[in-house]
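Peer 1: Checked TrEMBL, it gives:
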| type | residues | note |
| --- | --- | --- |
| COMPBIAS | 67-76 | compositional bias 'Acidic residues' |
| REGION | 1-77 | region 'Disordered' |
| REPEAT | 144-185 | repeat 'WD' |
| REPEAT | 197-238 | repeat 'WD' |
| REPEAT | 239-280 | repeat 'WD' |
| REPEAT | 281-322 | repeat 'WD' |
| REPEAT | 322-362 | repeat 'WD' |
């Protein structure tokens, strides 16, 4: 913009020559514009039509202020070019700034992702998601019914589309997460029945699913591990080798390597893709209660009553032992490759790091206390779960609630987020104000009480009869053992006595035989001319030894006869 225009905009007069020149130029432009307008108004119809269309488009545009119109009228061609160039440069600069910001944002995203990958490989990734979690409303919680007995374990497919549940009724049910319907049921297998579809015949205690959702593994109290195709629930393999109930299963992420643990205190490694056994590890002093694994070639176990948490390094065949709980450690879950959470029946929840043998954080009485005053006992923690590589942990207990916890920085603190109460089947119970309902309930309670008492009495009678039979059998066993012991002792004494008697007889006979030999040798060496000899014989009866010696010297024999009673006494 020129100096004259700037001065007029600020309301200041310009200098003489410049002002006059600018005023003359402005008058000439205004005259030319007015003359051009008059010439255009005298034009033909087509021109009028074009002008009318231009005027319509101009009327749609926002009207400019008088100052802007005056500035445009007073602006020269050079000034206009300069102004447009500046506007173009400003647009280019703004575009470059926007591109730089987008590039920085993309670089920040890539750098953040790379940092997360590095932390995840090192096992130190901790995404902060717990602050965004809110307790679900009761209407948001759905209840799925299908099992006849208590549910023991659950697994969710990697794509979050289905849930597998197993229970003490020896069945496995596949549920749809979206609709809540049953997709497939693996029934209980009958013992000794041939031609039946494969399945479990005892309580199912644990399950695991591979990271790609291809294989499902389940373990039961009858020492068996069954491998299923997760999509079709078709049985593939059966692994045997444990000597007690299988209590824990886990797949190594990204592979088909399966870890299993049992009440026989061992940890076994299997290859599901090759249907093969790999190796067995020992170390726990009591039944192992739980197991978990991630992508590293190692697994963690909860040792139950031996009070230890162990990290097993499979290639090195070594283990790390951690102590911290005061009761039985019944559940464990890995948060990332370097940290884990465990729960025990003393009501405590612990956070662990592989670099320290003691808990990084220990929350006692995590679900509160129960019992009368002075006799309070903590609600034991029966299960734990963690959202992978985050700071969110969940615990379950028989206090009828699930609690969500936030792990502090460095997993050195546990803060309670919310308490989710258990939804029971008694929420739709009819009101008890109706007298008929009260009568029915009282009758039903009485029936249940009588039935319970009858069952208790029958069980007591059965136990008493069994105990009597057991006592009689034990008494007979004791008598038989005492008689066998007495017979063995008597037989040993008789054999010893017979050996002693025979030894004494043999000794006496040897003495007499030696004496006869001495006499014979003496008479052989005698210088007299007489000749003689000795002969003898003996006979052994039940209680005597008959010995007869005949000595011939010349013509007169000498006969010696002796009867020795048995046993021989000195």
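Just so you know, glycine gets a Cβ as well, placed from its N, Cα and C.
Unlike curated entries, TrEMBL annotations are predicted automatically.
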Peer 1: Would you mind listing the long-range same-chain contacts of the repeat 'WD' (322-362), meaning Cβ under 8 Å and 6+ residues beyond its ends?
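Peer 2: Residues 120-126, 289-296, 300-305, 307-311, 369, 377-386, 388-390, 393, 395, 397, 405, 407-408, 410-414 contact the repeat 'WD' (322-362) from elsewhere in the chain.
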Peer 1: Excluding the flanking five residues on each side, which residues at least 6 beyond the ends of the repeat 'WD' (144-185) place their CB within less than 8 Å of a CB in that stretch?
Peer 2: 199-209, 211-213, 216, 218, 220, 228, 230, 232-233
Peer 1: When the repeat 'WD' (239-280) is classified with DSSP, how many of its residues are helical, how many are strand and how many are coil?
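Peer 2: Output for the repeat 'WD' (239-280) reads 0 helix, 25 strand, 17 coil.
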Peer 1: For the repeat 'WD' (322-362), how many residues does DSSP put in helix, in strand and in coil?
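Peer 2: Residue counts in helix, strand and coil order: 0 helix, 21 strand, 20 coil.
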Peer 1: Could you count the residues of the repeat 'WD' (144-185) that DSSP puts in helix, in strand and in coil?
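Peer 2: DSSP composition of the repeat 'WD' (144-185): 0 helix, 21 strand, 21 coil.
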Peer 1: Under DSSP, the repeat 'WD' (197-238) has how many residues in helix, strand and coil?
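Peer 2: Tallied per class, the repeat 'WD' (197-238) gives 0 helix, 23 strand, 19 coil.
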Peer 1: Looking only at the repeat 'WD' (239-280), what is the mean pLDDT?
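Peer 2: Mean pLDDT across the repeat 'WD' (239-280) comes out at 95.
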